[in-house]
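Lifted from Swiss-Prot, the feature list:
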type	residues	note
BINDING	HIS120, HIS124, HIS130	Zn(2+) binding site
Amino acid sequence: MFTIDFSDHTGLVKDAWYKQIEDLLEFAKKEEHIEDDAELSVTFVDKQEIQEINRTYRDKDKVTDVISFALEEDEPDIDFSGLDIPRVLGDIIICTDVAQEQANNYGHSFERELGFLALHGFLHLLGYDHMTEADEKEMFGRQDTILNAYGLTRD
């Protein structure tokens, strides 16, 4: 079973939006051929908290929209197939303040921006990145493909 543990430190995220994000990430999981028995967390924070996280764990003293911590990132390939435990993908942390600003700037809903950022963070958990131009093209292309197939567009 695909499990997402949601935590809202801001009180701004409506319960219905959890369902949309869960459905989107379930769709993305299938598109990326991730096994059903996987789990991750999504936490919603304000600017102050995400800046503190960014400073502490990434040595960047600035606000950002989303941060992901992949649990498998630095782990060697370990075969868990014989064990009855879920694959833990990691943690996604979304700044609701920045999400609202970006939604206003792009002319779409706060709800759509939360979905976009959740998917962006999810792809990071799977190993996608945008450090080089080629990686950016691959990641953003995949992101757009999944969003369009799911039906979460900027309109």
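Glycine is treated like the rest: Cβ placed from N, Cα and C.
With the fewest other Cβ atoms inside 10 Å of its Cβ, the least crowded of the binding-site residues HIS120, HIS130 in this structure is HIS130. Sequence-distant neighbours of HIS124 (Zn(2+) binding site) (same chain, six or more apart, CB under 8 Å from its CB) are SER68, ALA70, ILE92, listed in sequence order. Secondary structure at HIS130 (Zn(2+) binding site), taken from DSSP and collapsed to helix, strand or coil, is coil. A Cβ within 8 Å of the Cβ centre of HIS120, HIS124, HIS130, the residues given for Zn(2+), is found for these other residues of the same chain: VAL66, SER68, GLY121, LEU123, TYR128, ASP129, MET139, GLN143.
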